[in-house]
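One structure is given below, encoded as structure tokens.
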Amino acid sequence: MGTLSCCLLLALALFVPGDAASRKCHLQGLWRNELGSNMTILATNTAGTFSGSYHTAVAATNKQILVSPLQGVQQHPSAKRHPTFGFTVQWQFSDSTTAFVGQCFVDHRGKETLETMWLLREEVLSRKDTWKATRVGTSIFTRIK
């Protein structure tokens, strides 16, 4: 009986991580990044496009931060376990737009994360100021729902 229990426990331990690792990553849901910004991604259609909203926790403005719309696309939504994607956020409280690109991952415990890189372009009044108009960074989102 002890040997059987040990074998069952070992089989379960070997099966569960493999099952979680083979799980597909889905973009739809509520996500939060390391700075506390929240993002909602609505259902992805068969073409891979999606929409949603973004509520940033940080901004370089004195204006009130507002929830802003996002539009995106996922590469081959039904075929990939760890899909790549891109989306833009049209900020409702500033004269800037941010483009995100990234990939969705599922770890061995089934935890989903979105690894992203972003470019924020701010409006400037002349071409001579374009050098200071673009910021670049990274964000890691984890699923909250």
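Just so you know, glycine gets a Cβ as well, placed from its N, Cα and C.
The disulfide bond annotation in TrEMBL covers Cys25-Cys104. Long-range neighbours of Cys25 (disulfide bond) (same chain, six or more residues apart, CB within less than 8 Å of its CB): Arg81, His82, Pro83, Cys104, Phe105, Val106, Glu112.
Taken from TrEMBL, the feature signal peptide covers 1-21.
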Packing count at Cys104 (disulfide bond) (other Cβ atoms within 10 Å of its Cβ): 22
